[in-house]
Amino acid sequence: MWKWLHPYAKADRAYQLCNTLLPYFAVITVVFMIIGWVWGLAYAPADYQQKDSYRIIFIHVPSAILSMGAYSSMAIAAVIALVWQLRNAELAVIAIAPVGACVTAIALITGAAWGKPMWGAWWVWDARLTSELILLFLYLGVLSLYHAFEDKKAAGRAASILAIVGVINLPIIHFSVEWWNTLHQGATITKFDTKAIDSSMFWPLMVNIVAFAGFVGMVTLMRLKNEILQREKHRPWVRQLLNRG
Amino acid sequence: MLRQHSYWQLFSAVCKKDLQLAFRQRAEIVNPILFFLIVITLFPLAIGPEPGLLSRMAPGIIWVAALLSTMLGLDKLFRDDYHDGSLEQLIASSYPLPLTVLGKVVAHWIITGLPLVLMTPLFALLLNLDNQALIATVLTLLLGTPLLSFIGAIGAGLTVGLQKGGILMSLLVLPLYIPVLIFATSAIDTSTMSLDYSGQLAILGAMLVIAIISAPIAISSALKVSVS
Amino acid sequence: MQLAGPNGAGKTSLLRIIAGFSAPDEGQVMWQGESIAKNYDEFARQLLFIGHKTGVNSQLSAIENLRFWLQIQGYDTEQDLYSLLAKIGLVGLEDVPVRTLSAGQQRRVALIRLWLNDAKLWVLDEPFTALDKAGIAFLQQRFLAHLAQGGAILLTTHQDLTTHFNELQTVTLEYRH
Amino acid sequence: MQFDSFSDFIAMGGYGFYVWLSFGSCALILLGILVSSFNDTKRIMASVQQQAAREARIKHAQQENQA
């Protein structure tokens, strides 16, 4: 049914939709990020065990959550792109991937920076860090596959297929890594137990999660706009946009 | 000119053609095995020949070598068919493409995976594996190498149209191999402790079943993208 | 029907879209009132496509190539391929690897499929490339026979076909920046 | 406010290096992708403009040829 809608109007409309949504995401991101960081860094009480180093979780946990979340949304977009042949969804896959990769990189770096004072080593083969590392590989795979194709139409579809294959594998990888980790259990502190967290730490964490989600949404929209423009470069509506702006 | 559609005929035709080609240029079968053998030889040279250490590291060594040697053949899996246009003929045949793909993947396994399984006793000698571990290694390779062929073929299908697809394919495929690696090596590890490792084998088997059902669909849509 | 136009006009791309390998940017390809994307297998049954890349494996012999093609198309493989190969001028070359043949002979191996199918629509990309005069004439005879049976042919070529085919339609594509 | 002075805040109870490393690299990466997205927009817009100018030139040349 979607196929029969006029393709230009669709890209045009999608572009407009991005434009309308973008300010909301920007406001949410800025407000929540400022509150979250100030609260987390300066006002939240120090942990009795980990002291002030635990403040890293205010960015580590949101980025870890969002790295998975971004991958799932990318895969959902990929399914939509392949099943309904919706070109805008294909563009969304490509728009999300770099953002997701960045968030995953943040999760890895902050994880390592947290691990050094806690475990005495920058890198420990802990289940979550290992999963994040593999997730980063999956993101980079999607990105490099997309950029390897010269024909961007084929590139979008290839990247979508890979994203779907990745998302089917992701739970298996996650499960196997968790299981592997318990098998080779070293003496490590159970990491970031967010369930038993005190409310004085829980709320700033929540604020930061919203801030990260807002950021991912915002940059995705920006990149989606770019992708739409890039693909629709030769259409009259892009020209009109330029003349107006 | 009557057409009679038999899925078995298609499957065996595709499979037979690839096997025929491989046997005609025997290097295709021999090279991955030699590669596997050389990688395995490198490890004792690098970490020292102490028997205890070797047999502890053997599962990891064998499986990493198996991953790498499967990658060698994967690059060629669809490349010739892509370049000479056979892939287009296969897509334009009135048979479902996933079935064709299944034939090709099975042929790939017979060429690269099966020889490894058969050669395992030799590698076991080199790495000082005991009998229990040897049986476990053979079983995991038997279940695991077809899995590698199926997952790898997805990457091969996605990159076949690219100029330098080989390295990119390894980047795409190797992370997806991690669960196979984890469960297979742990099964061998468990067997050296004389414990029951049927759980790991069951998981490998389940993954294989999922792969047989779903991978051909992913591979054929990847091939269609590459041909377009 | 002949597709004409200068290099780079998009003849091959159009043929590949019509054969269903590439998806069109806009619009759709219809066959007998139905979009080919909808029921591709049904369309593929009535289609014979021979492109620039002919789908002939260079390691296998002509006979092996043809047998394989017949199998993947679901045709009977027990036909007399030898006499057919002789007819097109490949006598004595049936069981040597195709890579040892000349370019024109390799193309003949691919084109033998025209005698071995019951497809209604033939989509051929530059079928006359590398063929000699006799080969071209022979091929044109086959085209006429196919048309007489009610088949359709869509091809690209730089040859002038008007003298042999009175029902020829030519669509010319232009190169645009 | 959990900290008595600004230097306390920077020190983070001795974990300053790790905390600021995390937050710093996080800010850097977030800013990086944001800026690159902005640049992409500019680049695409510029190329659209270039193409429009090119077409205008072609049109102009054609009109002159006819005249």
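From the backbone N, Cα and C atoms, a Cβ is placed for every residue, glycine too.
Feature annotations, reproduced from TrEMBL:
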{"type": "DOMAIN", "residues": "A:19-184", "note": "domain 'Cytochrome c assembly protein'"}
{"type": "TRANSMEM", "residues": "A:21-44", "note": "transmembrane segment"}
{"type": "TRANSMEM", "residues": "A:56-84", "note": "transmembrane segment"}
{"type": "TRANSMEM", "residues": "A:91-113", "note": "transmembrane segment"}
{"type": "TRANSMEM", "residues": "A:133-149", "note": "transmembrane segment"}
{"type": "TRANSMEM", "residues": "A:161-181", "note": "transmembrane segment"}
{"type": "TRANSMEM", "residues": "A:201-224", "note": "transmembrane segment"}
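Packing against the transmembrane segment (A:56-84) from elsewhere in the chain are residues 2-3, 36-37, 40-41, 44, 90, 92-93, 96-97, 99-100, 103-104, 106-107, 110-111, 113-114, 128, 132, 135, 138-139, 142, 156-157, 159-161, 163-164, 166-167, 170, 192, 194, 204-205, 208-209, 211-213, 216, 220: each is 6 or more residues past its ends and has a CB under 8 Å from a CB in it.
If one looks beyond the transmembrane segment (A:201-224) by at least 6 residues along the same chain, the residues whose Cβ comes under 8 Å of a Cβ in the stretch are 14, 18, 21-22, 25-26, 28-29, 32-33, 35-37, 39-40, 43-45, 47, 54, 57-59, 61-63, 65-66, 69-70, 88, 91-92, 94-96, 98-100, 103, 194.
Each residue in the domain 'Cytochrome c assembly protein' (A:19-184) has a pLDDT score, and their mean in this model is 87.
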